[in-house]
Amino acid sequence: MSNTTMATSTILLFLLAGLAAAHGDGDTTIRLPSDGAKASRPRAAKPWDCCDNIEISRLMIYPPLYRCNDEVKQCAAACKECVEAPGGDFNGGAFVCSDWFSTVDPGPKCTAALDGLSMERPWKCCDNIKRLPTKPDPPQWRCNDELEPSQCTAACKSCREAPGPFPGKLICEDIYWGADPGPFCTPRPWGDCCDKAFCNKMNPPTCRCMDEVKECADACKDCQRVESSEPPRYVCKDRFTGHPGPVCKPRAEN
């Protein structure tokens with residue numbers, strides 16, 4: 001065999017070996033994510049930790065959109081669009097996070113939150129109660145009900161504009177520090193709490209509660225038994241326009 005023939009055979013041998021390696025073991029199975037992989041995207045972090053100059057979008061959606069217009073030395077890590085503020089207050093420049101964020105509660109103020117802190121509850125009742133993401137004991141609460149201007153200014157030290165046409169209703173900015181945030185103003189058909197609330201994106205939202213309970217609340221008009229439940233469990237099929245209320249604590253007692 002000539003040297004040319006041997007060289008050609010060697011090259012063909014290497015090419016065939018490379019093709020075999022590229023094809024692998026012949027397994028053409030499409031690999032799906034493992035059972036432990038997360039199927040849903042993680043909840044986005046708020047682009048600010050606190051905010052004094054909060055802006056509410058005029059879009060009538062729920063949860064509403066907020067933007068923080070505070071000028072800061074450095075934007076929060078979660079901020080995606082951090083822009084330089086013209087004529088900033090800080091030496092070396094100031095920045096503003098221009099992100100819009102969808103949330104029920106935009107969070108506490110940075111410098112004035114303690115001004116509205118009270119050990120006495122500013123409201124007699126509240127439909128849209130919000131527990132603040134702080135860790136004191138007792139907890140801190142804010143009522144996000146939309147009130148007539150005269151109601152808000154009479155009961156609260158600080159009020160802010162509610163989403164919607166201007167001028168319009170106001171929301172109390174005061175923070176209550178106590179164990180009991182008070183009763184609802186409008187009774188929910190399912191009672192004071194709900195673990196499985198489903199709401200649309202309107203503002204205010206229309207909600208229903210799919211909790212299976214021993215008995216429906218007195219305010220429920222359409223109480224239906226869960227099929228094949230033993231002992232019997234019930235679900236209130238009523239719909240309610242407004243905040244669904246807090247989750248039930250502890251869940252095991254539902």
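Cβ atoms here come from the backbone N, Cα and C positions, even for glycine.
Over in Swiss-Prot, the protein carries these features:
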DISULFID  Cys125-Cys185  disulfide bond
DISULFID  Cys126-Cys143  disulfide bond
DISULFID  Cys152-Cys159  disulfide bond
DISULFID  Cys156-Cys172  disulfide bond
DISULFID  Cys193-Cys248  disulfide bond
DISULFID  Cys194-Cys209  disulfide bond
DISULFID  Cys199-Cys207  disulfide bond
DISULFID  Cys216-Cys223  disulfide bond
DISULFID  Cys220-Cys236  disulfide bond
SIGNAL    1-22  signal peptide
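Comparing Cα positions, Cys216 (disulfide bond) lies closest to Cys209 out of the disulfide-bonded residues Cys126, Cys156, Cys209. Taking Cβ-Cβ distances under 8 Å and a sequence separation of 6 or more, the neighbours of Cys152 (disulfide bond) in its chain are Cys159, Lys169, Leu170, Ile171, Cys172. Considering only the disulfide-bonded residues Cys193, Cys194, Cys199, Cys209, Cys223, Cys248, no residue lies within 10 A of Cys185 (disulfide bond) on a C-alpha to C-alpha basis.
The CA atom of Cys236 (disulfide bond) is located 23 Å away from the CA atom of Cys125 (disulfide bond). Once Cβ contacts within 10 Å are tallied over all protein chains shown, the disulfide-bonded residues Cys125, Cys194 are led by Cys194.
Of all the disulfide-bonded residues in the record (Cys126, Cys143, Cys156, Cys209, Cys248), the one with the smallest CA separation from Cys199 (disulfide bond) is Cys209. Classification of Cys193 (disulfide bond) by DSSP places it in coil, neither helical nor stranded. Cys172 (disulfide bond) carries a strand DSSP state (E or B). Local packing around the disulfide-bonded residues Cys172, Cys199, Cys216 was summarised as the count of other Cβ atoms within 10 Å of each Cβ; on this measure the leading residue is Cys172.
Here the disulfide-bonded residues are Cys156, Cys193; the one with the fewest Cβ atoms within 10 Å of its Cβ is Cys193.
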